[in-house]
Amino acid sequence: MKDWLFRIATCSIMTFSSLAAAQAEPLDVVATFSIIGDFAAKVGGDRIRLNVLVGPDSDTHVYEPRPADAIALAGADVVLTNGLEFEGFLTRLIAASGTDAAVATLTDGVETMEEPGGGHYHYIDGKAVFHAGAHDPHAWQAVPNAKVYVQNIAAAFCAADAEGCAAYQANAARYIGELDALDTEIRAAIAALPQDRRTVVVAHNAFRYFEAAYGVHFLSPQGVSTESEAAAADVAGLIREIRARNASAIFAENISDTRLLEQIAREAGLPLAGTLYSDALSGPDGPASNYIAMMRHNAGAIAAALAAR
């Protein structure tokens, strides 16, 4: 009797241990910034353990890696990156970490846009900081491109975890359905606006893919610094363009300094109409805590500001 009970107990323990071991080994995934992290979570679900390097409301262009980031990469199975020179820190971080993880570039397959000036500016502490790059990296700002990101993530996860491939593909298909509905929603919101009232001003040139997909024109103070001698003339030139194009609103961005935009708003006689989310999500309690919420917030804020003029 005791032997029988012992065998049952032993089998139960071994079975439980095997199941626990199977469930205790999720795919270790590193995503470079918050938007990609959200895509990864949607596709991976509970089969992945996710580490996001650049968090909400943070600028990936100027991010300085920490020792913990190298440790995360060293233990990763998959690293998800935007590519197009968006993550300037990543090459040296990969080298420092010694990781042998698969690196998936999520813009592969996207029809990318060239940077007209060989790069674009960010505004940090009132100064214009140039980010060089041959192609505009902000491809996620058009929802059809986000679908490519999601497909690439599913492919990367399937390559690293064949047993979970069906789950990854099902998650991706379900999420792509949500993205299709979002794309339709944004197109309808912008289509309701008059053609001559579709221009806004933003802090940096991060919305060209949104512009091409949805028909809103974005102006930005490229290269203007609040501390430069040429700032007054540059701002005056931008204000002339704002008036010529009948721009109706100025938006701050969650990752950019607002001082220059406040100056432009005063001189152009336009309101600061709110905040758009360009290169990072908001925190969990903000209006852009995931990609769909971010795009819905941006499109809604733009449509409301332009309709009110």
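In case you wondered, yes, glycine gets a Cβ from its N, Cα and C as well.
Predicted, not measured: the structure shown is a model, and the values here were computed from it.
Under the heading signal peptide, Swiss-Prot lists 1-24, citing a curator's inference as support. According to Swiss-Prot, the Zn(2+) binding site annotation covers HIS61, HIS138, HIS204, ASP279, on the basis of experimental evidence. Residues annotated as region 'D-loop' in Swiss-Prot, with experimental evidence given as evidence: 117-132. Taken from Swiss-Prot, the feature disulfide bond covers CYS158-CYS165, and the record attributes it to experimental evidence. Positions annotated as region 'Z-loop' by Swiss-Prot, on the basis of experimental evidence: 222-229.
The structure, with features from Swiss-Prot marked on it.
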residue : record              : DSSP class
HIS61   : Zn(2+) binding site : helix
HIS138  : Zn(2+) binding site : coil
CYS158  : disulfide bond      : helix
CYS165  : disulfide bond      : helix
HIS204  : Zn(2+) binding site : coil
ASP279  : Zn(2+) binding site : coil
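Cβ contacts within 10 Å of CYS165 (disulfide bond), excluding its own Cβ and spanning all protein chains shown: 15. Summarised as a single figure, the pLDDT of the region 'D-loop' (117-132) averages 50.
Cα-Cα distance from CYS165 (disulfide bond) to HIS138 (Zn(2+) binding site): 28 Å (rounded to the nearest whole number).
Taking Cβ-Cβ distances under 8 Å and a sequence separation of 6 or more, the neighbours of CYS158 (disulfide bond) in its chain are GLY164, CYS165, TYR168, GLN169.
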